[in-house]
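Student: Sharing a structure here in structure tokens format.
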Amino acid sequence: MSALSGHIGRSATILQNLKGHTSDVNCCDFAPNFTLVTGSSDKTVRVWDWISGSGYVERPQSPLRVHKYQVTCVRISPHGSMMASSSVDGTALLWNLHSLTKLHTMTQVNGDAIRVCSFSPDSTLLVTAGDNGAVCIWDLVHRSLIRTLFEHEGTTQALVFTPDCQFLVTACSLEVVKVWHVQDLIDTTTETPCSPLTRIDNIHDMGVFSIDISKHIEVDENNPLIRYYSMASGGCNNELKLWTIRSRVSAKNKNLTHIEVSICLSNVLEGHASSVTCVRFSNSGRYLVSSSLDKSVKVWDTNKDCTCLVTLYGHQRYVNCVAFSKDSNIVVSGSTGSNDKLVIVWDLTGKISLNNELFALINSNSNGVVETQIMDTTNRDSNECSLLEKIDDIFEGGVNSCCFNGKELLATGSGDKFIRLFKVGEENNNVEELGNSPLEGHTYAINHVEFSKNGDKLASSSLDGCTFIWNTQTGEKCLSVPKNGLSIKVCRFSPNGKFIITGGDDEKAVIWNVDTMEAISVLEGHLDTITSACVSPDSKIVVTASCNADYRAWAVEAAKCLYIKEDAHDGGIQSCDFSDNLDPIPNTISDRQYYLLATCGNDSLVKLWRISVELNSVVNIEVKQWRSLQGHGGNVISVRFSPVVGEIVCSTATDRQSRLWAVYGGHCLYVLDHDSIVTCCSFNSDCSLLATGCLDRTLWLWKLPQQLVFQTAIANKMKSRSKTVAEWSNRDVIKWLAEISMSKIAQNVRNSGLNGEKLITLTEVEVCSGLDLDEETSKVMMEELKWLKKLQLDIQAFCTVDIPHEFLCPITHEIMREPVRCSDGFTYEKNAVAEWFMSGKYTSPMTNAVLTNTTLIPNLELRDSIRQFLESAEEKE
């Protein structure tokens, strides 16, 4: 039985009055660990920590005085590592909640006042809205604005996500509520304007002040593809209204789904004597708290004919905001007025005192450091690029090309005909030339050097018309391409290691078998020198670029030209590169394979191109310019993506600069000045180092800031949860099998055409029977299917039984659903530790030591133990 059940008809206890704000308290929110944040018209955000014996105490770094005008909204991210604050000054600020360092500033379109902000349940998005009605969707992983909606004509004062991250609901002062499909909002592959799935007018007379959606989702007993969400709204007409949002997923065609959404009024709660300013559901979804201009706070039980459990009186003026603690035992409220300005902490149980421990601390087994003790530790790492070393006494010609292999090995090719190999010390970053360096064999200047993907080979091409393959271990020349009479400008290995492509002054590109050096195909069509070439990460497409300002995309297997882009850069193209990322366009649902191509040229521009082809085919190809990066003051000579996920692109130019660009934000992150024309660049494998070469015979080695390192590391860990299981394609089902270590039945799934809709609508027995699985595999698969369906609905259910210590996430202090093991040896909830990285932490949440890597390994053994525990708890209840 809930602790609130005994409070019908009597007031709860005021646990504490928090003073500090000097003007209206406009907003408040709780973190999972009971940390409290408040925002005020006095332009400040205040952060309060619970300390046993004292109750809530303001943190030493508080208040935060960054906003220029009143703070309108504060929200804590789902797992408690970040905080967002919005203001009338037109900005929303992203904070690390542990250290209270500012992570990012987001400016509303036209700089208009922001009234409300909200995190998506998966922590990847922040939505802001305000006075001009515009709703801005921000990608927090890539720190970029995805989309702006101009659909509301009034001030947008409220917005909230459904707990499965499928829908966004927005409401405005003109009494209009709209429901949006999140996937439509975040898909950047289409220019089609977004339209709401449904809308409802006249929701509250004279406007809506607040809306919230319960974390509890119900599924139709007769059709598991139908879901029901509970929404509460408050506005100017003194009423609270409860609404039911119904969604239904149906197959549109083989790869796309159709979603129908409707809203209907389910109840009206009366009791407040004036406008309802704020409504918030409890974590379980059973209780609802509301605040009003009538100076009261009310707590409602939505399971009992929406009974008002208790009315809280304590404020002398209007109550602007309320929030529930995670366990629903505490409510906080904030008020306005010249003689109030209070934050009141209410005990709803009658059992809490200032001496209570509100949550259990989780200790580290390695050195006894308590996780909450390290929350105040700030990131001490500089966010600037620093020059580690400038080598200016080795080369006898300009450095024309450089290439990293792994973290430490670096190769250069220069105008003095030599290839040199260097090792960068991992601990001290000292640069030493290897004993087998330089590699001699070319008779004229080296134009290009590149390592194979596995690092065992090094290719070099030269003005002498030769392309050589070198053994990187011995430094010996092992293979060579038949000599060309003209200069070879470029040589690039395919990622699969099967071929190498060369191109140069003869206007032809040739694909060679790496093992035999026999020509596989000759790509002809360019009318001028081929300056550059690159191979897609799946080795299916080759792009060649020329001085004639055009680039061409070729199908490797068919040796066929698929696409020609004329006049890509005025004055000619100098360089091109593919991103390693096979999922380069975030949050996309499509039956096409996307690639990201970068080009640069004599027009001082770097351009990013989105290339897409049909899956399992490269015949149907579409190319669209995605970004144009402007900033260089001279011809741009080379361009390279950072490895793995391609978050950053580096360009070098005749203006004596290299620039680092945010691929998804489209802005310049850093400008690195040199003493001469910068000819080439290369990232090492973890994006911690950048090498640049110059025409004045110098090689520069730069240490990149840690924020770029972790940004690259987390980009492929945090993606918007854009599909429900019902929307999964056969390909998605196979991906899921890989995540749960059941890839051995992938072929059965592929042959059966099993998709998400069938997973949801068929019984576990029917699914396993259709896959023709043996008894042992069927038993495992049925358990996985059972929990897959449960996890789709049990988003953040609050467990009332005593939970074993090892089942709790050290970050959120909640039971884990997707436990993963980090490089510190500890296990965390997957999204919680990924959010920890997003907040700028590259350290262990348990020991505060710097992590060796950000790899997350599923802890399936612990996951199964947690499942058995929850099953047992369900049976007891």
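Heads up, residue numbers simply count up from 1 along the chain you see.
Placement of Cβ uses the backbone N, Cα and C atoms for every residue, glycine included.
TrEMBL entries are annotated by machine, without manual review.
In case it helps, TrEMBL gives these features for our protein:
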REPEAT    18-49  repeat 'WD'
REPEAT    64-105  repeat 'WD'
REPEAT    107-148  repeat 'WD'
REPEAT    149-190  repeat 'WD'
REPEAT    269-301  repeat 'WD'
REPEAT    312-348  repeat 'WD'
REPEAT    439-480  repeat 'WD'
REPEAT    493-522  repeat 'WD'
REPEAT    523-564  repeat 'WD'
REPEAT    629-671  repeat 'WD'
REPEAT    671-712  repeat 'WD'
DOMAIN    728-767  domain 'SAM'
DOMAIN    802-876  domain 'U-box'
Student: State the residues, same chain only, that lie 6 or more residues beyond the ends of the repeat 'WD' (493-522) and have a CB under 8 A from a CB inside it; answer 'none' if no residue qualifies.
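Tutor: Hits for the repeat 'WD' (493-522): 447, 450-454, 457, 459, 461, 465, 467, 469, 479-482, 484-487, 528-533, 535-539, 542, 544, 546, 554, 556, 559, 580.
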Student: Using Cβ atoms and a strict cutoff of less than 8 Å, what residues sit near the repeat 'WD' (312-348) while being 6 or more residues removed from its termini?
Tutor: 2-4, 7, 11-30, 32, 34, 36, 38, 40, 48, 55-56, 277-284, 286-287, 289-293, 295-299, 358, 798, 814
Student: What does the DSSP secondary structure composition of the repeat 'WD' (439-480) look like, as residue counts for helix, strand and coil?
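Tutor: Counting residues by DSSP class gives 0 helix, 22 strand, 20 coil.
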Student: Under 8 Å between C-beta atoms and at least six residues away from its ends: which parts of the chain pack against the repeat 'WD' (671-712)?
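Tutor: Residues 143, 379, 381-392, 394-408, 410, 412, 414-415, 424, 429, 431, 631, 634, 637-638, 640-645, 647-648, 650-654, 656-660, 837, 840, 842, 853-854.
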Student: I'd like the per-state residue tally for the repeat 'WD' (523-564) from DSSP, helix first, then strand, then coil.
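Tutor: The composition, in the requested order, is 0 helix, 24 strand, 18 coil.
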Student: Please indicate, using numbers and ranges, the residues of the same chain that are 6 or more beyond the domain 'SAM' (728-767) and have a C-beta under 8 Å from a C-beta there.
Tutor: 223-225, 249, 251, 254-255, 591, 615, 773, 777, 780-782, 784-786, 788-789, 858, 860
Student: What are the DSSP helix, strand and coil residue counts for the repeat 'WD' (629-671)?
Tutor: 0 helix, 24 strand, 19 coil
Student: Across the repeat 'WD' (107-148), what does the mean pLDDT come to, as a whole number?
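Tutor: Averaged over the repeat 'WD' (107-148), the predicted model reaches a pLDDT of 90.
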